[in-house]
Amino acid sequence: MSADDVVYDLVGLGFGPANIAIGAALTEKWQQDPTFSIKNTLFIEKHEVFRWHPGMLLPDAKMQISFLKDLATLRTPNSPYTFLSYLHSEDRLLSFINRGSTVPSRKEYSDYLAWAAQKVQDNGVKVKFGHEIIALDDGPDGTIEVRYRNVRTQEETLIRARDLIIAPGGTPCIPDFLQPFVNHPRVSHSSSYALKIGDMFDSLNHLSRPLRVAIIGSGQSAAEVTIDVRNRLASIPSTGRHEVDMLIRKGSLKPSDDSPFANEIFDPASTDAWFSTGSKHLRDAILAEYKQTNYSVVNPRTLEALYEIIYGQRLNAAVSRRTNVEEPSDPVINIKPYTSVLSIQTVGSQGERVRGELLLSPEGASASKDEGFVMVTKHMMTGAESQTNYDVILYATGYQRTAWVELFKNTGIAKHFGITPSTSKVVLRPSADLVGGRQHQEFFHDSSPSTASSSTVSTPPTSPETSRFSSPISSRIVSQDLYLSRSYQLLPKDGENTLRPRVYLQGVEEATHGLSDTLLSVLGVRAGEVVADLASRYHSSA
């Protein structure tokens, strides 16, 4: 392991949109205030290059927000990091205006983020791509020792930081029934869809028979993937019609509420109101009220496109019945409402079935390349069970944002926040709740596998689900409250005065800062607030 003698003023975990916005706010601060003390910064990113949802960069996919909710406009409209600055630098400003829409394509917004990522580096922000942080410990002289490693070579490096920002992003939420199949070459979360679907279908070309694809989920990603899969299947020769089954637990797909009044829940002012609400019960009620702005819903334009396809199928079937003319061979989309997945098994070319547990090994995953799947589902209203064979399973079940806890609780600095390796659940609370005193909970939790009827989710849970292979006995879960300031700083436990560095969280604080926290809506404003809080420390100590 090598050691870097440089002490960084700020080290960031991750270099996605949240920390790019931080980098942009920092470089603007450097321009405005040459005496600003936070100058030497480093962000550590696991990917080899900047990537933003590459698995969902689908043809014609649109963003769900105005371009004005970019990395900087709501904070500093004349910032060099705005979407308009990007368009101007790319000589597309007039062309974009002529489009007559404030909503860019997902491809263009991804390119904007990549442009901004490079621009902050050009302006002095250091980034280590292809590396990941593996340890955080107390360092000398009021610093944090940060140990990271090269993902490819596994070489480790030790550095020191005066302050730390953790912006880990989300990780795919995997339903229990799919856990054994995560390494299967023809099973994928929507986050990897565009990167994998080509190889999946290429591996099935030799079959020359109708293919059947299952898509699990009822949100925007599930709907987009369903349409894209149908379009791709149309170019694959077959002796019959390919089928795409969209499995949803609801009775129907629901539209997202993007009306002007509902959209105000994503305004920066709503962050203040949410944070100052001194009751978890009330915050949960607000979340439930506005759930249809973001969770398990589909943009009305996408719904219309999907329904038009299904209506066309019904029209073709009716014309065929009346005229006795064969229907077009276009792939068929079937939406299956009130559907719960009970079990999945793989089936070999000879019809033999293989338990999912065997696929957890590399050998099992390799041996499964020519297998299909048998899925048993249950209609949640009638209780009727059915069995269907599939060639590909895609799941758009959202993301969970608690993976950072596993790293953090095993670090040397976790003790300053009352977190230990035995902590199995962290509950984020706003510092406004401290009026009632800190809370610490230990309770018994039944960790037996969940029942089949509740094993699949269309909306990601707020924490990872219990593994279906866990022991069916009660286990003690230690739940620890972790408090955040309005400026996103993790607050040390009561009586803790030995930790001088500040630790900030980004993009995982929906429970404390509201619905917009995991989205792009407030990135620019939030970055400005964090940088201002960092600056206040140095001003107050001057």
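Cβ coordinates come from backbone N, Cα and C, glycine included.
These figures come from a predicted structure and were not determined experimentally.
Copied over from Swiss-Prot, here are the features:
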- Glu45, Lys46, His47, Glu48, Val49, Phe50, Arg51, Trp52, His53, Gln64, Thr518, Leu519, Leu520: FAD binding site (BINDING)
- Ser218, Gly219, Gln220, Ser221, Asn294, Tyr295, Ser296: NADP(+) binding site (BINDING)
- 447-472: compositional bias 'Low complexity' (COMPBIAS)
- 443-472: region 'Disordered' (REGION)
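Taking the features listed in Swiss-Prot, we show where each one sits on the structure.
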{"residue": "Glu45", "record": "FAD binding site", "Cβ contacts under 8 Å, 6 or more apart": "Gly14, Phe15, Gly16, Val127, Lys128, Phe129, Gly130, His131"}
{"residue": "His47", "record": "FAD binding site", "Cβ contacts under 8 Å, 6 or more apart": "Phe129, Gly130"}
{"residue": "Val49", "record": "FAD binding site", "Cβ contacts under 8 Å, 6 or more apart": "Phe129"}
{"residue": "Gln220", "record": "NADP(+) binding site", "Cβ contacts under 8 Å, 6 or more apart": "Gln64, Ser256, Val297, Val298, Asn299, Thr302"}
{"residue": "Ser221", "record": "NADP(+) binding site", "Cβ contacts under 8 Å, 6 or more apart": "Met56, Ser190, Tyr193, Ala396, Gly398"}
{"residue": "Thr518", "record": "FAD binding site", "Cβ contacts under 8 Å, 6 or more apart": "Gly170, Arg401, Gly507, Val508, Glu510"}
{"residue": "Leu520", "record": "FAD binding site", "Cβ contacts under 8 Å, 6 or more apart": "Pro17, Ile65, Lys69, Asp70"}
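The DSSP secondary structure for His53 (FAD binding site) is coil.
DSSP assigns Glu45 (FAD binding site) to a strand in the three-state reduction. All chains included, 24 other C-beta atoms sit within 10 angstroms of the C-beta of Gly219 (NADP(+) binding site). Listed in sequence order, Arg106, Ser110, Ser191 are the same-chain residues at least 6 apart in sequence whose CB falls under 8 Å from the CB of His53 (FAD binding site).
Residue pair Tyr295 (NADP(+) binding site) / Arg51 (FAD binding site) shows a Cα separation of 23 Å. In this entry, NADP(+) is bound by Ser218, Gly219, Gln220, Ser221, Asn294, Tyr295, Ser296, whose most widely separated C-alpha atoms sit 12 angstrom apart. Taking every pair among Glu45, Lys46, His47, Glu48, Val49, Phe50, Arg51, Trp52, His53, Gln64, Thr518, Leu519, Leu520, the residues recorded as binding FAD, the greatest CA to CA distance is 27 Å. DSSP assigns Leu520 (FAD binding site) to coil in the three-state reduction, outside any helix or strand. The 10 Å shell around the Cβ of Ser296 (NADP(+) binding site) contains 24 further Cβ atoms across the protein chains shown. DSSP gives Gly219 (NADP(+) binding site) a coil state; it is part of no helix or strand. When other Cβ atoms within 10 Å of the Cβ of Arg51 (FAD binding site) are tallied across all protein chains shown, the result is 19. With a 10 A radius on its CB, Ser218 (NADP(+) binding site) counts 27 other CB atoms from all the protein chains. Looking only at the binding-site residues Asn294, Tyr295, the densest Cβ neighbourhood within 10 Å occurs at Asn294. According to its DSSP assignment, Asn294 (NADP(+) binding site) is coil.
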